[in-house]
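Features reported for this protein in TrEMBL:
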ACT_SITE  LYS276  active site, proton acceptor
BINDING   GLY152, TRP171, ASP236  S-adenosyl-L-methionine binding site
DOMAIN    117-323  domain 'Adrift-type SAM-dependent 2'-O-MTase'
Amino acid sequence: MLQSYNDFTTWNAAYITINFYFVVHNLKIHFKMSREDVDHNFNKKFTFTYNKEWLLPLEAYKCKPQQVESLQSMKAALNACKGQLNQFALAEWSKHTKFTDPSSSIVRTITKSFKIELLTQAWCKFYECLHAYPIVPNTEEFGSLHLCEAPGAFISALNYFLSVNYPKVKWNWRASTLNPYNDSNSLDEMIYDDRLIRHTLKNWEFGLDCTGDLRKFYNHEKLVEICKGVMLVTADGSIDCMKDPGEQEHHVHFLHYCEVMTALKVLGEHGNFVLKLFTMFEHETLCVMYLLNCAFKEVHVFKPCASKSGNSEVYVICLDYKSFDAKLWDTLIAPYFNGRQGETVMFPLELIPSDFVRQVEECAKFFMDLQCERINRNIKLFRTKNEDILHQIRTLKEKVAANYVQKFKITNRLSRRRRLIKSHRRS
């Protein structure tokens, strides 16, 4: 079955490549806009339905990885879809997709009217998450830890959200990221933007070796020592996979694993966790999702409107931490302690319930379909000179940006006292 499916997707990708210019210049693109087109961008959500019979195994990392045929078929289909893009010059394609993306006017629209610290696409994504789910604990005081956080957009978004919606809440935050002042860190991995770091250095923890590399177990231990009991953890880490984009999920997995282990170790009871993830096609990701579903009362997967619609990025929203059997921890943490993933996976497939696997399949397909739809649409729109279509694209972007500002109540109410960068009058 898988072989025939691959044959089909390979043939289909070749057909699209051969006939590309015919499609672009001859296909009549129907582009009608409605209120649903705007709302659609804000409703890319999936919620897992918990089954009380789901139980975590008693030990971890004792089995070899396997493949779930349905998920591998989706991976092949998505890679075939993305493979169509190899024919385009990167700079021209990036410019085109930036123009067509419905969210690409949000930052510019906010910047024109409001003064926001560290306003970036990441700021907008997390601010949207904060409005979409009850991520902020319902307490008078709470602490948060932000992993892989540079330059600090999630912290800034949370600060703004609290100042507008919960001005009396006492908030203490800590953050970790690759240290921009440590010469041993790779420039290819590091975000060298210290606008927030240099003004809030006491809040940043770079670990025992001062690198800030979360993949090192002793840096994890230092974070646990300092941040134990926080009620919110965010993890926005990623790795450049441009050289092998078809295996992005595999390449970034160990970092995601380290983020998850750190969150589970520092979170207090009923705490919340937000994790950036990509696709869910591999056995190792299936295990992480099962662990999170067993450790939290609610798990949602969300693609914010502000997240570029042609990529695989999603955010896993984990609410109400209920912990799990401590006996599992020693084997669960073994790859972290050893500094590498090794050749084993967290749990054997036969111990992951079939109804959970089906939900992962539904979730993976939902977001894969959204991504493929956007990629194919961008191909159809490439180099179009149709003024009606170009006008519709601009109008949709304006409406999405206006809806973002209204829906999420962007105002100018951030007082100077609440600003993170005290010495700057302008961000």
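Every residue gets a Cβ built from N, Cα and C, even glycine.
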Going by DSSP, is GLY152 (S-adenosyl-L-methionine binding site) part of a helix, a strand, or coil?
coil
Is any of the binding-site residues GLY152, TRP171, ASP236 within 10 Å of LYS276 (active site, proton acceptor) (Cα-Cα), and if so, which, in sequence order?
ASP236
Which residues of the same chain, at least 6 positions away in sequence, have a Cβ lying under 8 Å from the Cβ of GLY152 (S-adenosyl-L-methionine binding site)?
LEU118, HIS146, ALA175, ARG195, LEU196, ILE197, THR200, LEU420
Let me know the DSSP-derived helix, strand or coil state of TRP171 (S-adenosyl-L-methionine binding site), please.
strand
Where LYS276 (active site, proton acceptor) falls in three-state DSSP terms:
strand
